[in-house]
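What Swiss-Prot annotates here:
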BINDING   Asp49, Asn51, Asp53, Glu60, Asp138, Asn140, Asp142, Glu149, Asp178, Asp180, Arg182, Glu187  Ca(2+) binding site
COMPBIAS  1-13  compositional bias 'Basic and acidic residues'
DOMAIN    36-71  domain 'EF-hand 1'
DOMAIN    75-110  domain 'EF-hand 2'
DOMAIN    125-160  domain 'EF-hand 3'
DOMAIN    163-198  domain 'EF-hand 4'
REGION    1-31  region 'Disordered'
Amino acid sequence: MGSVQDENKDEFKQSLTRGKLKPSSSSSFRLRSPSLNSIRLRRIFDVFDRNHDCLISVEELSQALNLLGLDADLSEIESMVKLHIKPENTGLRFEDFETLHRSLNDVFFGSKCEDKLGLNPDPAQDESDLKEAFDVFDENGDGFISAKELQVVLEKLGLPEGSEIDRVEMMISSVEQDHDGRVDFFEFKDMMRTVIVPS
């Protein structure tokens with residue numbers, strides 16, 4: 001016998017798959033390493049929590065999704081948030097956000113994906129994921145990430161590093177090896193491999 005909450009979750013999952021957000025075969029947003037998963041989710045939570053009250057409100061979640069180009073209906077977001085918070089809270093605490101993330105992983109990628117937990121790492125898939133991430137930053141498709149392109153993405157994500165071009169240029173120069181002021185895919189891969197260490 002299913003509860004009203006289970007019915008609401010099923011209804012929300014169906015509305016997601018009917019809307020703009022579709023299940024994808026890409027695993028770019030599946031975080032495989034459990035320890036990195038929690039760290040990354042915490043960083044995302046902190047970015048979404050604009051007023052730093054340790055809660056993500058419906059409005060904050062809506063703004064974050066819009067900045068990422070994922071236009072979602074406000075009433076659907078409100079329904080989703082209500083499914084994952086305790087009645088006395090006005091928004092998602094970090095623990096609620098983790099639960100929401102797990103449920104969205106189940107909707108989009110299936111709950112039986114072993115590689116979601118890092119059990120079946122696939123180097124070819126990792127390479128594909130890195131290329132996909134690189135392409136997000138390489139807005140003009142020239143095969144390089146310029147300081148301006150990096151700044152645009154950081155600003156869209158609401159990260160403070162994107163506010164000053166000097167800071168962005170320093171980030172680029174710390175990664176690029178041939179001193180041309182931009183990052184190619186191989187430099188990007190090296191950077192990501194030094195940042196993401198298997199647990």
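Any Cβ shown, glycine's included, is placed from N, Cα and C.
Sequence features, as recorded in Swiss-Prot, placed on the structure.
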{"residue": "Asp49", "record": "Ca(2+) binding site", "DSSP (3 states)": "coil"}
{"residue": "Asp138", "record": "Ca(2+) binding site", "DSSP (3 states)": "coil"}
{"residue": "Asp178", "record": "Ca(2+) binding site", "DSSP (3 states)": "coil"}
Listed binding-site residues (Asp53, Asp138, Asp178), ranked by Cβ neighbours within 10 Å, top entry: Asp138
Predicted model, mean pLDDT over the domain 'EF-hand 1' (36-71): 83
Same-chain residues at least 6 apart in sequence whose Cβ lies under 8 Å from Asp49 (Ca(2+) binding site): Leu55, Ile56, Glu60
Other C-beta atoms that fall within 10 angstroms of the C-beta of Arg182 (Ca(2+) binding site): 19
Number of Cβ atoms other than its own within 10 Å, given for Asp142 (Ca(2+) binding site): 11
Counts of helix, strand and coil residues, the domain 'EF-hand 2' (75-110), according to DSSP: 26 helix, 1 strand, 9 coil
Secondary structure tally of the domain 'EF-hand 1' (36-71) (DSSP, helix then strand then coil): 23 helix, 1 strand, 12 coil
Helix, strand and coil counts within the domain 'EF-hand 3' (125-160) (DSSP): 24 helix, 3 strand, 9 coil
